[in-house]
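Engineer: What follows is a single structure, and I will ask about it in a moment.
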């Protein structure tokens, strides 16, 4: 071990193990208990700045000298907010408690004082020996001691750890495998020295000391908590890690908390509002000081200051805090809770969306977080894995190269082979189309036989024979399963394995090989090998792996066949197939013995064991003989080309980060329409040195810049020629001197060019270095599509971090495997696909579904709607709170700055939590601008979110200005009218209570009319909440102003009869109508002018929809006039049906083309203008634009 810490565990000796104070096996994922819930939860909630601020206000309100409001005006909304959050936290924690109790109370058989006793899991201790029976969960991380299976084998399922449902094999150390009897195990006193607790599921390093000998321990000897014992009657294990120290719990750490850009902006705005509140308080405090000094002093004889006030400065000081209390509603206490409720609603809409439900795998989309929904509407970069994400990760053996001969034909031109007469053990579902390979096997070609013998031996597949001849393979990867199945059909059938043997059926004859060693695969080695001894005693090493690492380890005599095989590999990769190279090496007995000794020494090493083993593997995997190569087909998922085309039209840049070789990745790029024949250039970055990579990047960037320059010149020349000829841009120019260098149509084609970038892993390693990353980002972001090949999981995360750092754009990463987790966690939004590689990516993600095609609906529908709804909610929320609060500010100038409130204190309490809360929530949850199918039809609708147009600092100030304007109208119009108005009996209406009721009623009506105007999509809930809230205002107001409540609480209800007397006056209703008109008419006028002069794209779409409903639908043939070229050099057997759907990606642009032709004056230009403004100070190479023309609606 390369770490200083270590763990020592002695079997059957609790007293010894308790000295180290190891954790018990009791787990606790809950946060609270009955005693700690209230203090801990309140402590957590008051860490929120807003909650602490309102607690501070509540304390101020308890001071009579500075508070003109009752304490309940703050404590009621604060208590409501705290209670809602506490109930939510308590509910979540209750389910955690329930889950913990269920797990902790599971029963396990523990060997105590020589006999097996039932114990709860929570009572299991480190050093105990546990008996597990078939289909039982493993209680803790155990060292497997013995099993009822031969050779100490047992089979486990690790679905709860990594999501993989295929069985895996574990084996005990040979010296303990015979301790199957409890009596023998009771006397076992071995001591294990191993690594400390960690979260690495695939690694374990330790040593067993027993009977003065030591034995190396690896992950193959361990049973981890959360696994299930399968196909094994019973086994015994020694507890090494318990409870929170187990690898399952070590991997249950909290995921990094992600915040949206709107969250960050909202926090900044709240600080600004607080600063504005302080400024208003200071202005009114200064006014109070001046008024008390100049005017108030005249009243001292009969209206003296309160006891603590002895001068006008102290009066101003107290007035400042009084106004801070009164004006605190500009910082809305219910804002954060309302935001969380809206996000929760959006998450449920994603979960309930039947169009994102996959019936084949019975999997629905899932929002695994509620904090990022509106961020889905602002994505600019998507980073995607290839295998299992764009493709199905269902592998089929398609082609192969054996000794320089290529096999495998096009599925469309030949018939499928029937293997049944030749091989009764053949898999009936296996498909192959080249009879020459079968003939080669039948005639006994030695190279062909050795090729398939390698495939039947060099793997870690488990075989289960349910009945005679009915084999079921359990493979850790689909690739291995496909290769072993191919060998099975061609007569080399893998039947079973033990720790020391592999049994096959070769051309009908059963052969058992001695398995001497397995040199396992990992991401660094990129290959695996086995060393076997055949029945004749010959020792041979079989190796399969990536051609980049295997070909350089061949014997020099392989040059000719290696050259031919390399050509075949490139051909297969060009066809989009996944390739592996195969080789072997014969070993003499002396070579084997010498290497076996060095391997045994490395395996038992206690320090840096992994490095020693890697060196031993490297030593033996040399001078091999090349057998050939395999080519496996991984079909594209349904709807991938369409999805990529639509997302590209939404100005989302898609980067594919894959471990496949360049040719395979490029061909998949063409098949899924990321790359097209229409592209001006596809840059290939494949340099091996820093200088060569830098030169290639600079050349690509120079070509892009030259293209931009020529495009601009071409556009200028086109305009000039058009003016000179007096014709349209579509006219051909012939003959007139001076003749143009290019026909006008060619100029148009040149303007619409696009670029793509393909970079290899070794080049990417250089490009990610600090001194070159800026050049890489500049070049990559100038391209429409980027493909990174042969990348490691760490490089995937580094690329994502690079874009986050340099572009300040919202990123989304999508993948399906464990190698995508770092990328998923690094991006702003992580999406996991529940596919063939388990659910590890899903568990680490923020959103999950089963098909890549659902991504367009997640972003263009749910993401766009969530962003739109949240922006409208925030704009309205700030508007209504400023309109409500600023009336107090104006009133201060007319009440001697005495901190007198305009409204009844009950109105102040109920305004935000009753009268106006539900309508804005309904708008924030249900609102739409266009239907979902229109969002998909016009991807350009997505761009306002990317540009952050709907809610930003400018929009915030517009909302604030509207709120302040409304407050001015609501105060001064009633003040001006009522100051001289009288009742029908001649009694003046100019009293405080009449003014308060009039202003409050006008406020509720104005903000209700405003939300009616802001709501674009009406549901039953919107109607009920809007009209119900308005009705509830009048009902509650009449109740609060009634004689009944006044008689019961005479000191609390001072507005007795005010509502009835005020609202019976016609002049009051005229005043309310006048104030409403003055507030609303300018808003209506502005919106009509904006709609006419500068409509948004969504306005144009709605108008187009109305026009289409009134007009007969045009023939579809008009939209499909332009065809696209096909890539003649590529034949995609796996792409049947998709190539015709989208030719060059152009037919996906047609619906937007129809819109662009309708709205060329507005809908495209307004977004383009804003986008250019956004990048005004950004060099062209780093602007994030893929090409000069990608901004136009196509």
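Heads up, the Cβ atoms here are built off N, Cα and C, so glycines get one too.
Copying in the features that TrEMBL gives for the protein in this structure:
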type	residues	note
DOMAIN	9-75	domain 'P-type ATPase N-terminal'
TRANSMEM	69-87	transmembrane segment
TRANSMEM	269-291	transmembrane segment
TRANSMEM	311-337	transmembrane segment
BINDING	385, 387, 816, 820	Mg(2+) binding site
ACT_SITE	385	active site, 4-aspartylphosphate intermediate
DOMAIN	842-1095	domain 'P-type ATPase C-terminal'
TRANSMEM	873-894	transmembrane segment
TRANSMEM	906-926	transmembrane segment
TRANSMEM	956-977	transmembrane segment
TRANSMEM	992-1013	transmembrane segment
TRANSMEM	1025-1046	transmembrane segment
TRANSMEM	1066-1089	transmembrane segment
REGION	1169-1194	region 'Disordered'
Engineer: Does the transmembrane segment (311-337) make contact with the transmembrane segment (1025-1046) through 3 or more Cβ pairs under 8 Å, each pair 6 or more apart in sequence?
Structural biologist: no
Engineer: Look at every Cβ pair spanning the transmembrane segment (956-977) and the transmembrane segment (1066-1089), keep those 6 or more apart in sequence, and say whether at least 3 of them are under 8 Å.
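Structural biologist: Stretch pair touches.
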Engineer: With the transmembrane segment (269-291) as the reference, which stretch in 873-894, 906-926, 992-1013, 1066-1089 has the largest tally of C-beta pairs below 8 Å?
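Structural biologist: If we count Cβ pairs closer than 8 Å to the transmembrane segment (269-291), 873-894 scores highest.
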Engineer: What stretch, picked from 873-894, 906-926, 992-1013, 1025-1046, has the most CB pairs under 8 A with the transmembrane segment (1066-1089)?
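Structural biologist: Per the Cβ under 8 Å count, 992-1013.
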Engineer: Within the same chain, where does the transmembrane segment (992-1013) have neighbours whose Cβ lies under 8 angstroms from its own Cβ atoms, ignoring anything closer than 6 residues to its ends? I mean 6 or more beyond.
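Structural biologist: Counting only partners 6 or more residues beyond its ends, the transmembrane segment (992-1013) has Cβ contacts under 8 Å with 876, 879-880, 883-884, 887, 902-904, 907, 911, 915-916, 919-920, 923, 966, 970-971, 973-975, 978, 1026, 1029-1030, 1033, 1037, 1055, 1058-1059, 1061-1063, 1068, 1071-1072, 1075-1076, 1079-1080, 1083-1084, 1087.
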Engineer: Among the binding-site residues listed here (387, 816, 820), identify the one with the smallest other-Cβ count within 10 Å.
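Structural biologist: Relative to the other binding-site residues in 387, 816, 820, 387 has the fewest Cβ atoms within 10 Å.
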Engineer: According to DSSP, how is the domain 'P-type ATPase N-terminal' (9-75) divided among helix, strand and coil residues?
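Structural biologist: Its residues divide into 31 helix, 2 strand, 34 coil.
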Engineer: Looking at Cβ-Cβ distances, which residues of the chain lie under 8 angstroms from residue 385 (Mg(2+) binding site) while being 6 or more apart from it?
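Structural biologist: When sequence neighbours closer than 6 are ignored, residue 385 (Mg(2+) binding site) has 656, 657, 658, 796, 814, 815, 816, 817, 819, 820, 823 within Cβ distance under 8 Å.
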Engineer: Averaged over the domain 'P-type ATPase C-terminal' (842-1095), what pLDDT does the predicted model reach?
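Structural biologist: Over the domain 'P-type ATPase C-terminal' (842-1095), the predicted model scores a mean pLDDT of 90.
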